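J.: Mind having a look at this structure? Questions to follow.
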Amino acid sequence: MALFRGMWGVLRTLGRTGVEMCAGCGGRIPSPVSLICIPKCFSSLGNYPKKPMSSYLRFSTEQLPKFKAKHPDAKVSELIRKIAAMWRELPEAEKKVYEADFKAEWKVYKEAVSKYKEQLTPSQLMGLEKEARQKRLKKKAQIKRRELILLGKPKRPRSAYNIYVSESFQEAKDESAQGKLKLVNQAWKNLSHDEKQAYIQLAKDDRIRYDNEMKSWEEQMAEVGRSDLIRRSVKRPPGDISEN
């Protein structure tokens, strides 16, 4: 399982353009976003039909163990790149075999979904759709965060309070995380104005670091055609930089 979890992580780094897995891969490598299949409906009610793997993912899951056996010391990222290259060079006739399997399973899947929904009450169906929307939004946000991490977006600046917490949390004498945070929070409130000024200055320095790194990063994004990630305007949060 760890091997395939690693595979999923690397697959999302292979490129931005491509067709979505859920629509079938064709000859192009899926994008980081499309590599994560988000079920149109998923419910905690259980027994929801499992969505079939795309042609490319099916090929990848077949090839990864073989590559791992041949190259036991190689990183998963290196193996995935080799598999991606192998897929690109795969004859169209062989790709069509994978695509045909996907289409056949997709048809069975859609029929199973229809039968599953027929068994639900109106209230259960509404709950299913609501849950699906929430999961899609949550997954979309997760994918966006992961993409920004992969693209090296600078970490946001920390407030004076957050810097103090990161320095003091482990030293707090309490076994529970909640207890530690409570102690650290009280200790912050008890700091004198002069003591807090040191952390406020660190926060200001971190803001300068962030602004400089963001300027450089956005220039890089413009160069690689990702202007959609560039801020239209820089908005500073209201309030003192020391606020938590």
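Just so it is clear, glycine is given a Cβ too, placed from its N, Cα and C backbone atoms.
What you are looking at is a predicted structure, and each value in this text was computed from that prediction instead of being measured.
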J.: Of the residue ranges 173-196, 221-244, which one carries the region 'Disordered' annotation in Swiss-Prot?
T.: 221-244
J.: Check S192 (phosphoserine) against DSSP and tell me helix, strand or coil, would you?
T.: coil
J.: Between S192 (phosphoserine) and S60 (phosphoserine), what C-alpha distance do you get in Å?
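T.: Cα-Cα, rounded: 59 Å.
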J.: Within 10 Å of the Cβ of T121 (phosphothreonine), how many other Cβ atoms are there?
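T.: The answer is 8 other Cβ atoms.
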J.: Where DSSP helix means H, G or I and strand means E or B, what are the helix, strand and coil counts for the DNA-binding region (154-218)?
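T.: Split by secondary structure, the DNA-binding region (154-218) comes out as 49 helix, 0 strand, 16 coil.
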J.: By the count of other Cβ atoms within 10 Å, pick out the sparsest of the modified residues S55, S60, S159, S192.
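T.: Each of the modified residues S55, S60, S159, S192 was scored; lowest Cβ tally within 10 Å is S192.
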